[in-house]
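Take a look at the structure below.
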């Protein structure tokens, strides 16, 4: 039984997670999964990368949807790609979404998260949502394939959320969703003031290659790109839209008090700070 997970976070640098108790361990057809008790609470790891931990998961998940909710025009029809835990789908409902389509390729991961994590879906909710009973429709499918088919149907979404592990040098399957071609498909699915949000990496200078590449890709694909950093989680999300906006922070602050869900880790002051791109990325250093 493994006692530690060593998570690479940069060239020659790794983070060590002590595992107090293994709750679930499985090689699914798509990834290596571990759910374990750690010093940060019950935690999910996929392919030796932390995906979410009990104590701070809400910070991450607010970062994954609140910036999009603040920047979009309306919140009615939401598409989520990935996010096996189900927290994002449930937050979307709290934000007023009438329908959430949740697409995940790994049924075993979704079911294990529902069974063993103290946040996100319950096992009963997974069963119901797979049967499309309720406002969340859970579809086990390849996200890229779903996007292609949705584009052919001319589906439209107010918010599209991509919540996958980081872009990987050796994972062509996953990296299809981190391309300009994919962004073009996304644009075709956005409603008039719809937005696309994806986690984009870390601002730390010695590990910001993913963020640098993501920012360039967004800026070349969308009319507006909003940078949003959750400093207490040390992670960045990018919001792309097909409409122009000269002052994203102002637009987001104006909408903040109108949300039906009150964020626990985002307020008007943090929005101003969180939307400032770091010096080296602003100056292409």
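The backbone N, Cα and C atoms fix where each Cβ goes, glycine too.
Between the candidates 104, 158, TrEMBL assigns the S-methyl-5'-thioadenosine site shared with 31, 142, 143 to 104. Across the fold, the C-alpha of residue 104 (S-methyl-5'-thioadenosine binding site) and the C-alpha of residue 85 (spermidine binding site) stand 10 Å from each other. Using a 10 Å Cβ-Cβ cutoff, residue 31 (S-methyl-5'-thioadenosine binding site) registers 20 neighbours. The Cβ of residue 85 (spermidine binding site) lies under 8 Å from the Cβ of 44, 51, 52, 57, 61, 113, 117, 119, 120, 121, each of these being in the same chain and 6 or more residues away along the sequence.
In this structure, of the recorded positions 104, 142, 163, the smallest number of CB atoms within 10 A of the CB marks 142. Here the Cβ of residue 61 (spermidine binding site) has 24 other Cβ atoms within 10 Å, regardless of which shown protein chain they belong to.
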